[in-house]
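According to Swiss-Prot, the features are:
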- L121, G125, H126, L127, S356, P357, F358: (6S)-5,6,7,8-tetrahydrofolate binding site (BINDING)
- H229: site 'Plays an important role in substrate specificity' (SITE)
- K230: N6-(pyridoxal phosphate)lysine (MOD_RES)
Amino acid sequence: MYDTSLTLTEFDPELADAILHEEDRQETHVELIASENYASPLVMAIQNSVFTNKYAEGYLGKRYYSGCEYVDVAERLAIERAKVLFDCDYANVQPHAGAQANAAVFLALTNPGDTVMGMNLAQGGHLTHGNPSNFSGRHYKIVPYGLDSETGLIDYDEMERIALETRPKMLIGGFSAYSRHKDWARMRTIADKVGAIFWVDMAHVAGLVAAGEYPNPLPQAHVVTSTTHKTLRGPRGGIILAKGQSEDFYKKLNAAVFPGIQGGPLMHVIAAKAVAFKEALRPEFTVYQRQVVANARAMARIIQQRGYKIVSDGTDNHLLLIDLSAKPYTGKDADAALSDAYITTNKNSVPNDPRSPFVTSGLRIGTPAVTTRGFGVTECEQLAGWLCDVLDGLGAGNEELTVIRDRVREQVVALCHRYPVYQ
């Protein structure tokens, strides 16, 4: 029997202290990492439910354990709601994360050694789209596509030329740092010309897609993967979607998830996905996603007015990429200086970046989290100005940077107190 008289603070004060400090950080710092957001209290609460105790290997109606009748309800709701949310006829809600969903697609639809075409990580792609450090780059012949060096936009003509030359088995859409709409129809046409499977990883824009604020890759894509956090604002997890494909195709995807790469699904997380999908089906979610884009565009406008370069010259979604390659400091320097001012961003490579991924010449910023806490265009314009103040100070030298950093930190804390996350 568990001793329920002890609080976490009494039982494990070190861990309790870390949680309290993280809560304070989230409340008093501005979160501009494009892949982060704040889950709702309901999403967090259900992950603390008794569903965490239940093993449920297998799928609905075909479990390897008994006693699954109630967790089946949660998984069924998650599947049904995902289908409505993304207008599809297949949904697998079991992947533990987006990377696991992506691994399942590779396992289901390709063989090791196949040629796969994905967006270059240094130009906005993702590790799991073929980076040499990832399983996808180790076990497949990866052919990258990228951006036009002048416009910062995807060069679809060059993509088609490369595809016709290399004949990939699979073409990957999706990104981790691209601020414009992708032309899914054009990419499907390219895939069809070479007989390739067209897979879209929409992890960054799933919430925008659900709200109709970003083009839905279905039905152009044969298969779509996503995380369930980021713009979707659910728990940390993954999902696989498809529409109009054969039952055999769906069976391959299911088998790749279980038993292919996973054992028991995380039923408490699947239940939280169901809650998040229900939240995303409400009208308020569409209003939120529109504001996410409006806020990103407002920040881009101010940053450009202050003389900073943005890759692709703007944004159509929730993120923007600032090119600092002409500055006397690095992306890593900028990240650290902003963090000291309580503005959390992340260093990021830019096209043709001469620096390593650990240093970089860019900053990626996004507006999902600040929009969740209630920031509008006015607040985001202020925030963009403060961000530029810090970058200006970084270029001016340590003494001026210290003065600017302290002022901006006070302004950030005051703004955050006006728009609390949970308190």
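A Cβ is built for glycine as well, from the same backbone N, Cα and C atoms used for every other residue.
Once the Cα atoms of L121, G125, H126, L127, S356, P357, F358, the listed binders of (6S)-5,6,7,8-tetrahydrofolate, are compared pairwise, the greatest separation found is 16 Å. Here the residue listed as 'N6-(pyridoxal phosphate)lysine' is positioned 26 angstrom away from S356 ((6S)-5,6,7,8-tetrahydrofolate binding site), judged by their C-alpha atoms.
Within 10 Å of the C-beta of L121 ((6S)-5,6,7,8-tetrahydrofolate binding site) we count 24 further C-beta atoms, all protein chains included. H229 (site 'Plays an important role in substrate specificity') is 24 Å away from P357 ((6S)-5,6,7,8-tetrahydrofolate binding site) when you measure Cα to Cα.
Of all Cβ atoms in the protein chains displayed, 10 besides its own lie within 10 Å of the Cβ of F358 ((6S)-5,6,7,8-tetrahydrofolate binding site). The Cβ of H126 ((6S)-5,6,7,8-tetrahydrofolate binding site) lies under 8 Å from the Cβ of G118, M119, G174, F175, S176, D201, A203, each of which sits 6+ residues away along the same chain. Neighbour list (H229 (site 'Plays an important role in substrate specificity'), Cβ cut-off 8 Å, at least 6 residues apart, same chain): S35, E36, N37, A39, P235, R236, G237. The Cβ neighbour count for G125 ((6S)-5,6,7,8-tetrahydrofolate binding site), using a 10 Å radius over every protein chain in view, is 23. For S356 ((6S)-5,6,7,8-tetrahydrofolate binding site), the number of other Cβ atoms no farther than 10 Å from its own Cβ, over all displayed protein chains, is 10.
Annotated pair L121 ((6S)-5,6,7,8-tetrahydrofolate binding site) and K230 (N6-(pyridoxal phosphate)lysine), C-alpha to C-alpha distance, rounded: 19 Å.
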